[in-house]
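Below is one structure, written out as structure tokens; the observations come after it.
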Amino acid sequence: MASTRSIELEHFEERDKRPRPGSRRGAPSSSGGSSISGPKGNGLIPSPAHSAHCSFYRTRTLQALSSEKKAKKARFYRNGDRYFKGLVFAISNDRFRSFDALLIELTRSLSDNVNLPQGVRTIYTIDGSRKVTSLDELLEGESYVCASNEPFRKVDYTKNVNPNWSVNIKGGTTRTLAVASAKSEVKESKDFIKPKLVTVIRSGVKPRKAVRILLNKKTAHSFEQVLTDITEAIKLDSGVVKRLCTLDGKQVTCLQDFFGDDDVFIACGPEKYRYAQDDFVLDHSECRVLKSSYSRASAAKYSGSRSPGFSRRSKSPASVNGTPSSQLSTPKSTKSSSSSPTSPGSFRGLKQISAQGRSSSNVNGGPELDRCLSPEGVNGNRCSESFPLLEKYRIGKVIGDGNFAVVKECVDRYTGKEFALKIIDKAKCCGKEHLIENEVSILRRVKHPNIIMLVEEMETATDLFLVMELVKGGDLFDAITSSTKYTERDGSAMVYNLANALRYLHSLSIVHRDIKPENLLVCEYPDGTKSLKLGDFGLATVVEGPLYTVCGTPTYVAPEIIAETGYGLKVDVWAAGVITYILLCGFPPFRSENNLQEDLFDQILAGKLEFPAPYWDNITDSAKELISQMLQVNVEARCTAGEILSHPWVSDDASQENNMQAEVTGKLKQHFNNALPKQNSTTTGVSVIMNTALDKEGQIFCSKLCQDSSRPSREQTSPVPPSAQEAPPPLESPRPPGPPATSGCDLAGTWRRHRD
């Protein structure tokens, strides 16, 4: 009984025992009778607290006592950690006798080697406006930020969490804003989200953890939320997941990237991502584990749309078609070996597996990725040295596949500018490496606005990687046939661009030897202007003396090449003269009526130049004069590229403005109708890049009698059967004007003239 009294002393006080006036028991009444005064005298029942058996009474109500003993729930975040969802604590006077005790418990729960290594020493309000210094300042349902000695870092801590335990918080808080923003995100189109199983491998030293993730509309609400959940599941040593990369090295930047063709991702922390060789190695047993995972993942994709999705905050392991799978928001389930197979993942092994079930038309090029950009290399050999290239460029699908090279989409990660990645298989160049070496050495030297530029190169033991400028405007013929207006002045500007490129090359003693319309690409600039760019340097070489190799395309080959008397830089001027002639009338100056190459060569050697009516009636004499100077059989009398630029028809705008688009286009289609049409304007630029020096072997022949070997380069670059390659080549240019690349494009006044 004494112990009971001591416990209740804090809630009761001693009653004042002073007697009330006239309340003495048994006192005689004024009437002389014995009567009971006080409450009984008034007919009231005395309270037990005021009875003689209890000398104490309550000073606070039971409701107030219950409220004081009830624990207050509050959520605590780490200072500056935007990926941490917060930790809920129940705070009561029984559990924490002092504020320091709370700090000790928060340190034990929130501090580690990465986060708050000095422990929790300060608690801020969620907006950082003030510090909390006592337990009484902590309010029910509120959120707070824990820090060491550093100042408060302003972060939207409530962005990735919507506490459902807060029952007393009214509207107008930061949490309300977070919910409102979340609702606005839901309104955005999420049609690309389909049930999909992906594998996430954490970066770092081996053995590396790999977890399988199910993504659907219930588990993938936003990119930030998925990153947060991956952080919980993968548990990086360096802290939060800062970046996710595909096996190609492409960084995942939005939610939609998870639902592309990539199934495996590498989780990276704050450290700089390394494309080390060890990161790309898997042994056979690990490959088998991942291969089985992919087979199960494909089954999950098929049935995922019919099965109910997992809850984003599920607390129990989930399974797909009977196969245990780790859930992003369930860290406990990720620890089991069945739900998160732990294996030292590598890019090579994973890519081999993932490519087996993909078509070659996927965004990464399907099996072509294994051949060209995976560490396996083109021939299955390791070429992990190529991956620093991926740090700067994002590699896309295959856009061109030739006999010796593959061309892929290539985008600069920092500027967003598009390029073309040319990948040459060294195994196919065995014994002829000097040809490729010569071509690349020339590309390294040339830098001119009218020449397709080599941006960057990289070489491995098995492959040669060339980042090339990508020109999408079609070729020279496309510029004419796709326009609504084509004048003599436009032709003059085209010749200026070509002569400008030739003057630069010849100043370096470089001869191109394959000047033709399909190697002249139209570059379109943002301001609407255009210029020509010369490409395909497979036959180019440095002139150190007379050359005797008979090569080129028959329509544009110079007479000294056919005669085998030795030639030099001016063979390019002859080819430019043929192109100028075609630009103004639509047909070549030398042609065979019987379609015989020997007749064509005889006409070229004779050099008899005519300007037949009525096709040349409206062409200025200045243009005819320039063409005559360019098509001189006598090399000494032939003009140079510099003289072309200084000619009045080119430099002084002596050309006319009459529209001759219909006439020239009609003749082009009549005389250049024997090559395959391209699908779009980009195809032409890719074909030029795809050509290599090895593709030019068909354009090298010993004499004019060896007619079967001068197959045009355009047809050589496509995979044609050997029997087809031996067919006699056509006499006209191998590139006809295909379908218009664009419609309604007016060329008048839009051609650039780059001045050196």
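Placement of Cβ uses the backbone N, Cα and C atoms for every residue, glycine included.
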Of Lys417, Lys422, Lys426, residue recorded by Swiss-Prot at the ATP site of Ile399, Gly400, Asp401, Gly402, Asn403, Phe404, Ala405, Val406, Val407: Lys422
Helix, strand or coil at Ile399 (ATP binding site) [DSSP, three-state]: strand
Distance [Cα-Cα, Å, rounded] between Ala405 (ATP binding site) and Asp514 (active site, proton acceptor): 19
Closest of Asp401, Asn403, Thr665 to Ser646 (phosphoserine), Cα positions, recorded positions only: Thr665
Asn403 (ATP binding site) to Asp514 (active site, proton acceptor) - Cα separation in whole Å: 19
Pairwise Cα distance for Thr665 (phosphothreonine)/Asp401 (ATP binding site) [Å, integer]: 30
Distance, Asp514 (active site, proton acceptor) to Ile399 (ATP binding site) (CA atoms, angstrom): 24
Which of Asp401, Asp514, all recorded positions, has a Cβ with the fewest other Cβ atoms inside 10 Å: Asp401
Pairwise Cα distance for Asp514 (active site, proton acceptor)/Val407 (ATP binding site) [Å, integer]: 21
